[in-house]
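Enquirer: Here's the feature list from Swiss-Prot:
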- 56-116: zinc finger (ZN_FING)
- Cys64, Cys67, His90, Cys93: Zn(2+) 1 binding site (BINDING)
- Cys80, Cys82, Cys106, Cys109: Zn(2+) 2 binding site (BINDING)
- 138-158: transmembrane segment (TRANSMEM)
- 175-195: transmembrane segment (TRANSMEM)
Amino acid sequence: MTTGDCCHLPGSLCDCTGSATFLKSLEESDLGRPQYVTQVTAKDGQLLSTVIKALGTQSDGPICRICHEGGNGERLLSPCDCTGTLGTVHKTCLEKWLSSSNTSYCELCHTEFAVERRPRPVTEWLKDPGPRNEKRTLFCDMVCFLFITPLAAISGWLCLRGAQDHLQFNSRLEAVGLIALTIALFTIYVLWTLVSFRYHCQLYSEWRRTNQKVLLLIPDSKTAPTTHHSLLSSKLLKSASDETTV
């Protein structure tokens, strides 16, 4: 497979070695062998995967358009109408791509895939809710809730006990003040709890919508015959070498 200019097609393989990051990666890897860098980007330009491989490791047969690996470890599929080097893909690679891009169709030929989406458990969101600021906010709110809840309960109970004692000594003004303080305290606590809970519920709903486990439902007829493609590729290479010799 030869590399060309950067195409930036959504869901396609983008060969781009111009940035400093790629040059650094190439220098740190196997310096003695020619290499190429491929990228998979989303619609908004977000980098979803980067593959740096030596040219000598390429397979003569069909390869996955996402990871550039052959069909030795996992069989290749042709689930859409794309042809050529973009027509074959690993099932697991395509599932990760659909999950990351939050789509259910091919970005190139717009073929709709039959997929089953399963939401991830809430425990995964608690472990990794997303960006760093969201992690910090969730942690701080949980700590504040654990401290403020017993503090508000004890403060309210003490205020009510004080109001009861003042009523016994006919100090109605102090009793009314303590009751009003208790009501204000619990009102602020309930409002803060509801606002924080609603905010984190919205974050969780968005995370659950964009971080689903995608299962690709592919019929057997869509399986790419890897052996057949390998034999066909070998025949083409052999015929090309014969023509070159002649």
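Placement of Cβ uses the backbone N, Cα and C atoms for every residue, glycine included.
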Enquirer: Calculate the distance in Å between the alpha carbons (Cα) of His90 (Zn(2+) 1 binding site) and Cys80 (Zn(2+) 2 binding site), and round it to a whole number.
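Expert: Counting only the Cα atoms, the answer is 12 Å.
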Enquirer: Among all protein chains shown, how many Cβ atoms are found within 10 Å of the Cβ of Cys67 (Zn(2+) 1 binding site), not counting that one?
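Expert: Neighbour count, Cβ to Cβ under the 10 Å cut-off: 19.
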Enquirer: To test your reading of the Zn(2+) 1 site: which residues beyond Cys64, Cys67, His90, Cys93, same chain only, put their Cβ within 8 Å of the Cβ centroid of those residues?
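Expert: What remains near the Cβ centre is Arg65, Ile66, His68, Glu69, Glu74, Leu76, Val89, Thr92, Leu94.
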Enquirer: Relative to the Cβ of Cys64 (Zn(2+) 1 binding site), which residues of the same chain, six or more apart in sequence, are found under 8 Å away?
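Expert: Same-chain residues close to Cys64 (Zn(2+) 1 binding site) (Cβ under 8 Å, separated by 6 or more) are Gly70, Gly71, Leu76, Thr88, Val89, His90, Cys93.
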Enquirer: Helix, strand or coil: which one is Cys64 (Zn(2+) 1 binding site) in, per DSSP?
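Expert: Where Cys64 (Zn(2+) 1 binding site) sits, the three-state DSSP reduction gives coil.
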Enquirer: Just checking, which of Cys80, Cys82, Cys106, Cys109 (binding-site residues) has the fewest C-beta atoms within 10 Å of its C-beta?
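Expert: Among the binding-site residues Cys80, Cys82, Cys106, Cys109, the lowest count of other Cβ atoms within 10 Å belongs to Cys109.
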Enquirer: Compute the C-alpha separation of Cys109 (Zn(2+) 2 binding site) from Cys67 (Zn(2+) 1 binding site), stating it in Å without decimals.
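Expert: Taking the Cα atoms only, Cys109 (Zn(2+) 2 binding site) lies 19 Å from Cys67 (Zn(2+) 1 binding site).
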Enquirer: Between the Cα atoms of Cys82 (Zn(2+) 2 binding site) and Cys67 (Zn(2+) 1 binding site), find the distance and write it as a whole number of Å.
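Expert: Checking the Cα atoms of Cys82 (Zn(2+) 2 binding site) and Cys67 (Zn(2+) 1 binding site) gives a distance of 16 Å.
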Enquirer: Using DSSP, what is the helix/strand/coil residue split across the zinc finger (56-116)?
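Expert: Residue counts in helix, strand and coil order: 16 helix, 8 strand, 37 coil.
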Enquirer: Would you mind giving the whole-number mean pLDDT across the zinc finger (56-116)?
Expert: 80
Enquirer: Just to be sure I understand the packing, how many Cβ atoms besides its own are within 10 Å of the Cβ of Cys93 (Zn(2+) 1 binding site)?
Expert: 20
Enquirer: Can you tell me the CA-to-CA distance separating Cys80 (Zn(2+) 2 binding site) and Cys67 (Zn(2+) 1 binding site), as a whole number of Å?
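Expert: So the alpha carbons of Cys80 (Zn(2+) 2 binding site) and Cys67 (Zn(2+) 1 binding site) sit roughly 17 Å from each other.
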